[in-house]
Structures are given as C-alpha cells and as structure tokens.
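Peer 1: One structure follows; several queries about it will come next.
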Amino acid sequence: MAIKVLVVDDSSFFRRRVSEIINAESRLEVIDVAVNGKEAVEKAKRLKPDVITMDIEMPVMDGISAVREIMASVPTPILMFSSLTHDGAKATLDALDAGALDFLPKKFEDIARNRDEAVSLLQQRVIQIASKRAFMRRPVASSTPVQERPQSTLNRPTTGLRREASAQAPVSRAPVAAKFRASGKKYQLTAIGTSTGGPVALQKILTKLPANYPHPIVLIQHMPATFTAAFASRLNSLCKIQVKEAEDGDVLQAGVAYLAPGGKQMMIDGRPGAARLRIIDGGERMNYKPCVDVTFGSAAKIYADKVLSMVLTGMGADGREGARMLKSAGATIWAQDEDSCVVYGMPQAVAKAGLSTEDLPLERIAERMLVEVGLA
C-alpha cells in the first residue's frame, strides 16, 4: 500500500511540483493538499495521512502552529520546507521543537527544474520518516533559557552567543533499566556525529550535561550553512555547557561544545591539551559538508584512544569510516539504537561494520556519558 502524503503550502506552484515529485515515486501517493496551517490541521485529523510536508510561512495559521496542533491531536511524521535564511533557520528549529521530524531547504529553482538530486532527496525523506509514525513524540524542551551559568575563560565576541542555561529537558519515565558501569577508560574529547533527526537528539543529550563536563565536545550535524549558527545559539541558551558554532583557530576547552559550521569541514589540529579547530572548505568531492568522517578521522590522529564518540540518527553511512579510524586508534564508539532513531542509517552502518561497542536508546545516552566520564 502506498504511503499517503498531505502536501501543505500556500504557493500553488510549490504544491503542484511537490505533488508531482511525490506521485512520481510508486511507493508514495499525495491524497490531498492544504493551502494554510488551519486547513492542514483539519485534513490531518480527517484523512490521517502517513506523512505531511509543511511550509512554514502561510496565512491564517503558520506551519509551526499547525505542527503543534497536529502533534497534540493526531501525531504524524512532518517534513518541513524551510527558506535558507537566518529567520528561516530559527523557524525551522521551532518546528522541530514542536514535533516535526525533519526539514528540507525550500529551493524553488531545484524543484522547478526537476533536478534529479532534489527529486530523489524529497522522495527518500518522505519514505524514511513515514516509518516513524509510531515514534512520534511531544516537544523535547522549552526554548526559554533560565539561570546564568558560571563564567568561562572561553573567548567570545561581545555580540556572540549568550551564556545562558536551562533546566534539563524532560525525561520520559522508562521501565527500570540496568545500571551502566564505566569502562575505566580516560577521555580527552567527546565527538558526536548525526544527520536526520539530529537537532532533537542533540538537544535531548546536551541539555542533560553539567557545566563541569570534563573535556571538549565536537558536534557534526548535517545542516545548511545558514542553519548552524542559529542551532548553536539555541543549544547554548538551553544547555549548562557552552555551545558555539566552531570557528577556525578555536582552542578546544573543557565544557564547551563546538558545532561544525554548515558548508565547511571541521578538523582538529595540534596535540591533546592544546588542540585547535581548523575550518576548511573541503572541496566539492565531499558528499557532506560538514562530514562526520572528516572530523572523526582527525580526532583519531590527535587523541587516539582518548575519544568518546557517538553516531546518532541519520540517513546514509557518514561516520562509518571515521569510526573505523577511531576504532583502530583504540577509541570508544557508541551508536544510537534503531528504535529511537528517526532514520536508522548512520548508526546502522557503524553497528553492521562491527565498530560500535554499545547501541544505546536516545533517552539514556546522556546518562551513559556521565557514567563513562565519571560524573555519575
């Protein structure tokens, strides 16, 4: 049976082209369209589609409000279309907070010209998130920052990210699970790579880490260039640790998370205790910018077995070769488990290659990290 899709957009051109692309895939079927958020909510309740594609800026009711209402009444996998602007990035992150599973940049030119890459990407994303209807969840954390965290020696511009903290993200009451035990290894770096579903996963994990987290964290999230600064700023306002978009020359410091900038590659240079980040273009041959393999590979060279690494939810296999290099250096590699992933691609690639020592549910990754680094 075909996957039923509701297409929501106030642009008649975009509704038509998206519908044509979706219907061109035999496994997908557009069952209806909506021109605003209010109509989307009504049709979601009545038609119960398997997936909804949703614009953000619409009359009557915007996409973010529609996502909130749909998630409260008839939880459905939602794929957002977002403009590649700073405001578009912030709105997209709001939509993910509200419960949307993923987003795609809204590129009219690519859609209009029926470019193979854009067509294939849209079809794949719809198919991937359709499998997660049972996975649907409520918003992960308030975006209202609270309390000042302790001052850090991190050197930032005065116009940079605010040093604010938040209460921990709510944790669902899970059945009593086995207690974790530390391996006894010593670490100097934490490295986390992710893609589809990553913004929510990273928020769940990082908001549970204390300000005294004992070493630097490098984050590689597949995301457009205009999105990473907004995402880093949001995480920074919610977390007790500090989070910033990485800049070339940043000296890695304990208790600070560095998010790889979109459209660039992030590498680590120097030696443990005095390592710096190098932000480079990385060339056109790379499939992902940023690329998890690139950062993981450089971490293996500098920190060897002193890396605690994780591959989280995401499409494809980025991270597998980097994890292989880390494994050869004696580092620790964990993978997010299938049940808690939005897309079980990247973690599956690592697990199937025999590179991960543990496969963990998202809700327990932060707990496992704190045990492993001696904070719990």
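Cβ atoms are placed via backbone N, Cα and C, with glycine included.
Small disclaimer: the values here were computed from a predicted structure and weren't measured.
Copied straight from Swiss-Prot:
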| type | residues | note |
| --- | --- | --- |
| ACT_SITE | Ser195 | active site |
| ACT_SITE | His222 | active site |
| ACT_SITE | Asp318 | active site |
| COMPBIAS | 141-158 | compositional bias 'Polar residues' |
| DOMAIN | 4-121 | domain 'Response regulatory' |
| DOMAIN | 183-376 | domain 'CheB-type methylesterase' |
| MOD_RES | Asp55 | 4-aspartylphosphate |
| REGION | 138-169 | region 'Disordered' |
Peer 1: Going by DSSP assignments with H, G and I as helix and E and B as strand, what are the residue counts for the domain 'Response regulatory' (4-121)?
Peer 2: 58 helix, 25 strand, 35 coil
Peer 1: On a C-alpha basis, identify the one among Asp55, Ser195, Asp318 that is nearest to His222 (active site); the candidates are the recorded positions.
Peer 2: Ser195
Peer 1: Note down the number of other Cβ atoms within 10 Å of the Cβ of Asp55 (4-aspartylphosphate), including every protein chain shown.
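Peer 2: There are 26 of them.
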Peer 1: What are the non-local neighbours of Ser195 (active site), defined as same-chain residues 6+ apart in sequence with CB under 8 A from its CB?
Peer 2: Gln221, His222, Tyr288, Thr313, Gly314, Met315, Gly316, Asp318, Val343, Gly345, Met346
Peer 1: Would you mind checking how many other C-beta atoms are within 10 angstroms of the C-beta on His222 (active site)?
Peer 2: 23
Peer 1: Mean pLDDT for the domain 'Response regulatory' (4-121), as a whole number?
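Peer 2: When the pLDDT values over the domain 'Response regulatory' (4-121) are averaged, the result is 92.
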Peer 1: Around the Cβ of Asp318 (active site), how many other Cβ atoms lie within 10 Å? Please give the count over every shown protein chain.
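Peer 2: I get 26 for this one.
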